[in-house]
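Student: There's a structure below that I have some questions on.
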Number of protein chains: 2
Amino acid sequence: MTTRSPELRRDPVTNRWVIFSPARAKRPTDFKSKTPQNPNNNNNTASCPFCIGREHECAPEIFRVPGDGPDWKIRVIENLYPAVSRNLERSDNPGGGGGMGFPARVMTGFGFHDVVIEGPVHSVQLCDMEGSQIGEVLLAYKKRIEQIMSIESIKYVQVFKNHGASAGASMSHSHSQIMALPIIPSSVSARLDGMKEHFDNTGKCSLCEIQGGELLINETSHFISIVPFAATFPFEIWIIPRDHSSHFHELDGEKAADLGGLLRLMLRKMSLQLNNPPFNFMIHTSPFQATGWQLQYSHWFLQIVPQLSGVGGFEMGTGCYINPVFPEDAAKVLREVDLPNGGFN
Amino acid sequence: MTTRSPELRRDPVTNRWVIFSPARAKRPTDFKSKTPQNPNNNNNTASCPFCIGREHECAPEIFRVPGDGPDWKIRVIENLYPAVSRNLERSDNPGGGGGMGFPARVMTGFGFHDVVIEGPVHSVQLCDMEGSQIGEVLLAYKKRIEQIMSIESIKYVQVFKNHGASAGASMSHSHSQIMALPIIPSSVSARLDGMKEHFDNTGKCSLCEIQGGELLINETSHFISIVPFAATFPFEIWIIPRDHSSHFHELDGEKAADLGGLLRLMLRKMSLQLNNPPFNFMIHTSPFQATGWQLQYSHWFLQIVPQLSGVGGFEMGTGCYINPVFPEDAAKVLREVDLPNGGFN
């Protein structure tokens, strides 16, 4: 372990400052989850509505990816407890405090909140699947996003996965979620501003420029995985398409399978190195209505965050995070995780 | 409980959208912490370096507030594991990736990270103290901030308290922290932008305008406590000075005691209503170098957040939070908590 002074870094993409503070750190190889997830040991299969054969207990199905015979491989369904409602008209300032004649402060909670059941069997988690199977899950996201795109008042779609109770998952059956919103959220605006600033300064897309170098973990034909320059969280990972692409839903079948393989590798490395931590992943895409100019500097990516530490008052107050592991140290550890067959099979 | 449709609100101060989603909620009165804090029951007093008589085990003292005889009432000390270092020169782009000739992306981690030990006795938490004693803690923050102000490269000071392990506290002895930074963090800039937008639109300070109404919890001579219009978290509380004031360190002795009483009341109400939840509080002040124009629309406040739920991929991806409790419902519950003597004694 290198003994280093604390350092502040501002990421060109998120445009946020992060404090790297090795004085608080264990050695990078000593980070382990204190709440490891062992979903195969859980005993609530009998009551899981996401399992095959219990479809009638779920909210309505939107579509399914058929499997062999009568079975299904993937189901996209409505969320039984949606945070936003598909049954509302969008309207600004529907009444109540806040409407004051200038930019809207109140809106009805119109939107879509869907669930992607990633497989029919309770014990099979995403990282247990083949890369091509994970690719099919990614293509299910794409298909659902393309359906939602036709609705004019939807501005942004957030695809995310919560794995483990402390990462926000209420169900242990492998699933992810798609939330479609009538607004562009603040973190998305900040990211676009950061990418624009980089483009204005250099004439180049901030993510096309990344070659990896000492931040590289692994690479495939179409994607690279890195620890970002100013990673907000220890062992945070970004998977970035090599070719410039603003929207996740531009993904085709070949690239989906390629990404599925790299995502699987990252989840398996993280699981082995960090003791099966709870984790989140998020797909950071562009707003639907992004214009020609924005498409030049906006580049989608997938962010994976293992849940190794909580958030305190400093982070809540400032939006500035303290990360005890330098990104180049985390990348080295993850690059060198030794999986059977290099982890691709 | 009113059955309501989900609603999106954008707070005029934080300028962030929040989704209010009652479909996911229990009744507002049913929210209870699942990890209640019982610091008086903890058994590690014997090894606590913050206790009186063990001062030699701590990092260096900066100052103390004397008590009767040889005792002290409050100590301000250096953090033994500081996230930023007082022993560095501030310098932009000290080398390594990211320095590219335009706005700095790397800085040495210069700054101050101090601890305020709020009392000498392990079993006494902040909400057990009299309002006037809490006022003395607030004046200790003020004194330390005024010392730090003289250092030109410090741009912002964040005062915060983590109470309970899941709120980020590593020590159970009652304490808070002061972090002084060479940057203005992103959440602070966003807040100033939000306040400026409101001022530009209305000619009025966004916090001077707040009268409370159905969002009011309690009020004193100099302060009001409310649940904010677009509260990010369930049962989040803001304490706001009635008179316009940009910087927390403008607080005088009379107002400090008044604020101490109201802070005590809020902590006691929260503790009784929500089952001793872990919590954070943060003081949101203005950057040291705020100019005359900024001073007109920037108004400091204290934010209290009980930790009742975690953060998942949606919040991490978008910066947009889902709150299951409408602010006016949370305010009503907190307004009506029945404490002996109204809770002020």
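Every residue, even glycine, has its Cβ placed from backbone N, Cα and C.
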Student: Need a hand: TrEMBL gives A:CYS48, A:CYS51, A:HIS173 for Zn(2+), which of A:HIS113, A:HIS122, A:HIS244 is also on that list?
Tutor: A:HIS122
Student: Round to the nearest Å and give the CA-to-CA distance linking A:CYS51 (Zn(2+) binding site) with A:HIS175 (active site, tele-UMP-histidine intermediate).
Tutor: 11
Student: Can you check what DSSP calls A:HIS175 (active site, tele-UMP-histidine intermediate), collapsed to helix, strand or coil?
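Tutor: Reduced to three states, the DSSP call for A:HIS175 (active site, tele-UMP-histidine intermediate) is strand.
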Student: Select the most exposed residue of A:CYS48, A:CYS51, where exposure means the fewest other Cβ atoms within 10 Å, treating these as the binding-site residues.
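Tutor: If we count Cβ atoms within 10 Å for the binding-site residues A:CYS48, A:CYS51, the smallest count is at A:CYS48.
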Student: Count the Cβ atoms, other than its own, that fall within 10 Å of the Cβ of A:HIS175 (active site, tele-UMP-histidine intermediate), considering every protein chain shown.
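Tutor: Excluding its own Cβ, the number within 10 Å is 22.
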Student: What's the CA-CA gap between A:HIS175 (active site, tele-UMP-histidine intermediate) and A:HIS122 (Zn(2+) binding site) in angstrom, rounded?
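Tutor: With distance taken Cα to Cα, A:HIS122 (Zn(2+) binding site) is 10 Å from A:HIS175 (active site, tele-UMP-histidine intermediate).
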Student: Identify, in sequence order, the residues in the chain of A:HIS122 (Zn(2+) binding site) that are 6 or more apart from it along the sequence and have a CB within less than 8 Å of its CB; answer 'none' if there are none.
Tutor: A:THR45, A:CYS48, A:PHE50, A:CYS51, A:SER172, A:HIS173
